[in-house]
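K.L.:
Pasting a structure here, questions to come.
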Amino acid sequence: MLTYLWIFFSILIVLLLIIDLFVIHRKDKEISLKHSLIETGIWILISLAFNVVIYFTLGSKSGSEFLTAYLIEKSLSVDNLFVFQIIFTYYLVPAKLQHRVLFWGIVGSIIMRAIFIYFGVKLIENFDFLLYIMGLFLVIAGIKLLLGKESKINPKNNLIGRLIGNIIPVMKNYNGNQFFVTRNWKVYATPLFIVLVAIETTDIIFALDSVPAILGITVDPFIVYTSNIFAILGLRALYFSLSGIMSLFHLLKYGLGVILVFIGVKIFCEDFYHIDTLYSLGVVLTVLVGSIVGSLMIKPRLANNTEIPIQ
């Protein structure tokens, strides 16, 4: 049964990507808020439909694990959206080209997540103690978020992007939606390719948090990978939905910090007290809803308690 599910999942993802790039977004254009909200809803419905398939084929436990992992990855991915906005602003990426960059960024993420998850599961299967190291890592990462000491990502410091400039000449101006162009028999990278590399390296950095968090819920590679991919597939539409209002969710990072600490503690407790997946799902949902509602009810303040405007 699992083999058939892998085949079904792979075919579904390929079809969805083809429809996305060559049908829905075959022309480069700025995505409206209404369109992005509809797309976000469709991606969520597709993910939930796949969750139902898992529930009836692999059982309620696997279904609960998928939904919990999906919610965790989706919520942690919101941090990506803030960084994507910084990168697009820094490189002055035209709005109509942003979807193309995010699309190919997601394709790269699908490959990189497969590598991360495969080796992560194999290492845990052979070296149990690594799971506790991941648990400690998650607790530390969660505490840093709660203390507001999360690492900042600056596009200027993207080492790989700078290295590319030393390997291949980079044009100063964008050339439509092209990542590479040829001039006088010489290949040049466009700034759009540098942006793509910045997006990819940023995703790898964030995967160092999110993948261990999912492995703290389950080490079933099918559940870990499929929940991860469905969460990031809808990330592009979510970006265009939230890009103008992301500053409203100023308490979300604290909610994410609580979730990371909870999963880390769950890993340490597993040997003498098993925390049911449904309970974990309840905690994740409660914290996420609480942080979002709290963000909408409580305005952000500066250190001196002076109110700051929300953009």
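Think of each number as a place in line: the chain as shown, counted from 1.
Including glycine, each Cβ sits where the backbone N, Cα and C put it.
Note that the structure is a prediction, hence the values are computed from the model and not measured.
According to TrEMBL, the protein carries these features:
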TRANSMEM  6-24  transmembrane segment
TRANSMEM  36-56  transmembrane segment
TRANSMEM  76-94  transmembrane segment
TRANSMEM  101-121  transmembrane segment
TRANSMEM  127-147  transmembrane segment
TRANSMEM  187-208  transmembrane segment
TRANSMEM  214-239  transmembrane segment
TRANSMEM  251-268  transmembrane segment
TRANSMEM  280-298  transmembrane segment
K.L.:
Answer with yes or no whether the transmembrane segment (36-56) touches the transmembrane segment (187-208) by the criterion of at least three Cβ pairs under 8 A, sequence separation 6 or more.
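P.N.:
They do not touch: fewer than three Cβ pairs between the two stretches lie under 8 Å.
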K.L.:
Using a Cβ distance cut-off of under 8 Å, indicate which of 36-56, 101-121, 127-147, 214-239 has the most pairs with the transmembrane segment (76-94).
P.N.:
214-239
K.L.:
Count the CB pairs under 8 A between the transmembrane segment (36-56) and each of 101-121, 127-147, 214-239, then give me the winner.
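P.N.:
Stretch with maximum Cβ contacts: 214-239.
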K.L.:
Residue list, the transmembrane segment (214-239) vs rest of chain: Cβ under 8 Å, 6 or more residues beyond ends.
P.N.:
2, 5-6, 9, 13, 16, 31, 36, 39-40, 42-44, 46-47, 50, 54, 62, 65-70, 72-74, 77-78, 80-81, 84-85, 98-99, 102-103, 106, 109-110, 113-114, 117-118, 120-121, 124-125, 131, 134-135, 138, 203, 263-264, 266-267, 277, 280
